[in-house]
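Enquirer: Can you keep this structure in mind? I'll have questions shortly.
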Amino acid sequence: MSLEKFFNAIDANQDIYVQRLKEIVAIKSISGEPECRADTIFMGEWFLAELERLGASTKRVEPGTQEIGGRTLPLPPVVLATYGTDPLKKTVLVYGHYDVQPALKEDGWTTDPFTLTEDKEGRLIGRGSTDDKGPVLGWLCAIEAHQQIGLELPVNVKFCFEGMEESGSEGLDAVIVQEAQAYFKDVDCVCISDNYWLGKTKPCLTYGLRGVSYFMVSVKGPAADLHSGVFGGTVHEPMTDLVQLFSKLVDSQGRILIPGIMDQVAPLTDEERKLYDGLEFDTADLRAALGTETEIHDNSIDSLMHRMRYPSLSIHGIEGAFYAPGSKTVIPSNPIGKFSIRSVPNMDPARVTELVKAFLDAEFEKLGTKNTLEVSCDHAGRPWFSSPNHWNFVAGARAVESVYQLKPDLTREGGSIPVTLTFQEALDKNVLLLPMGACDDGAHSINEKVDRRNFVEGIKMFGSYFHELAKVVME
Ligand SMILES: C[C@H](N)C(=O)N[C@@H](Cc1c[nH]cn1)C(=O)O
Ligand SMILES: [Zn+2]
Ligand SMILES: [Zn+2]
């Protein structure tokens, strides 16, 4: 059966879909900012209403509360929905997140981050356009287009959308475990669209993710910020201690210096090494995404392996430090440094935390400072790895081919979606990552975008995936 009519409907409706994306990009659902919590909850409600408009039955789950900045806030709702309950059809569970990373125009955006703006090249620029509002909306547009042309959906779809993914998916694991034998009982496979192609033109299917352990390092000294002219040279400065500690975590070649971390990494086999030769990726792709020529490795295979199968450590920022323009002469009293470690098979988050704390405590001891140190792991998600030979991947590959006339790359992703492994384990079902966006989308960065082409063809790909799933033989 040809999906031509369905594809044509999507082409014809694309401006409506873009307009809808504009509407939701404008909702500041930043899970990490307490003052945006009401907007984040509203974003969840928007999706509940949209799913109901499409005829899905919905369930709003309140995953509890969160302590943040001395406040207790309600967590945004987990949006569950069921579209179709035909026992003769397969059931696919689609997961996505409606929260976004923070964004300020003064970070360097060329346009307001919460006003979706299309440029001459068809880039739809705005926070969440690719991560992950565009893909989440895309699934719903694919269903709506079926309704418009009177084409029956050949599978049942369950949805699970959360509003805390960018902040460690707090509360979600418990919901999944609780619903595994209830709301998710009939699920045959899982699909997530929340990562990116390796390059700009060739789609991929993804079968692995790195985990992430996010650390806060607080150094406490004087009771309040001080005048550096009056107190400089007379007091142990917390920022100096923090900078010393941070200089010991990772070197400029990206090598993690914390003893024991690299020992846990699964060894590279010959078979795995060969997989990288088949991937279409070169240093030019990396440079295009970086916008500079500042890559560490002198060949693309090493770059790929360091994204996909080795851990990395990134220093993100320092809270409570002076970072504004100007030259304020302050001694910050309690800077909190933030860094994360991306973990890979066979790393265990509990062991990572143990090693990080032991190392920082020992290094702090050596500084001979009277300040105090507190290290905590804010959130930790495990790495995930799945079987790309499963029928779910066969359906995904056929969907890609039907829209792009290309065989997708098979990739592992450097980023993290903590809940992926929870779905795989709690439901005991295969999970496929089917990205919509390209390598240069700039998720988490300034000028995040999704190309109109990726958005529109991505909606077609999602619809086609439903049809390929219906056809593929479950083994
Ligand atoms: C890959 C996904 N789109 C994503 O961006 N995930 C985040 C998850 C996270 C964990 N802590 C904070 N955010 C990521 O990989 O950074
Ligand atoms: Zn993200
Ligand atoms: Zn995401």
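Cβ coordinates come from backbone N, Cα and C, glycine included.
Okay, these came from TrEMBL:
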type	residues	note
BINDING	His97, Asp131, Asp194	Mn(2+) 2 binding site
ACT_SITE	Asp99	active site
BINDING	Asp131, Glu166, His444	Mn(2+) 1 binding site
ACT_SITE	Glu165	active site, proton acceptor
BINDING	Asp194, His227, Thr329, Arg342, Ser416, His444	substrate binding site
DOMAIN	207-365	domain 'Peptidase M20 dimerisation'
SITE	His227	site 'Important for catalytic activity'
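For each listed feature, how buried is it and what is near it?
Expert: Sequence-distant neighbours of Asp131 (Mn(2+) 2 binding site) (same chain, 6+ apart, CB under 8 A from its CB) are Val100, Gln101, Asp194, Gly437, Asp441, Ala443, His444, Glu448. Under the DSSP three-state reduction, Asp131 (Mn(2+) 2 binding site) is assigned to coil, being neither helix nor strand.
Mapped onto three states, the DSSP output places Asp99 (active site) in coil.
In the three-state DSSP assignment, the secondary structure recorded for Glu166 (Mn(2+) 1 binding site) is helix.
Around Glu165 (active site, proton acceptor), a 10 Å sphere centred on its CB holds 25 further CB atoms from the protein chains shown.
Other Cβ atoms within 10 Å of the Cβ of His227 (substrate binding site) number 10 in total over all chains.
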Enquirer: Near ligand 1, which of the recorded positions His97, Asp99, His227, Thr329, Arg342 have CB less than 6 Å from any of its atoms?
Expert: none
Enquirer: Calculate the per-residue pLDDT averaged over the domain 'Peptidase M20 dimerisation' (207-365) and state the result as an integer.
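Expert: A mean pLDDT of 96 is what the predicted model shows over the domain 'Peptidase M20 dimerisation' (207-365).
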Enquirer: Residues near the Mn(2+) 2 site, His97, Asp131, Asp194 excluded, by Cβ within 8 Å of the Cβ center?
Expert: Gly96, Asp132, Pro135, Val136, Glu165, Glu166, Ile417, Ala443
Enquirer: Quick one: of the binding-site residues Glu166, Asp194, Ser416, flag those whose CB is under 6 Å from ligand 3, and say none if nothing qualifies.
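Expert: Asp194, by Cβ distance under 6 Å.
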Enquirer: Including all protein chains displayed, how many Cβ atoms other than that of Thr329 (substrate binding site) lie within 10 Å of its Cβ?
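Expert: That number is 11.
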Enquirer: So, in DSSP terms, is Ser416 (substrate binding site) helix, strand, or coil?
Expert: coil
Enquirer: Nearest to His227 (substrate binding site) by Cα distance: which of the recorded positions His97, Asp99, Glu165, Glu166 is it?
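Expert: Closest by Cα distance to His227 (substrate binding site) among the recorded positions His97, Asp99, Glu165, Glu166: Glu166.
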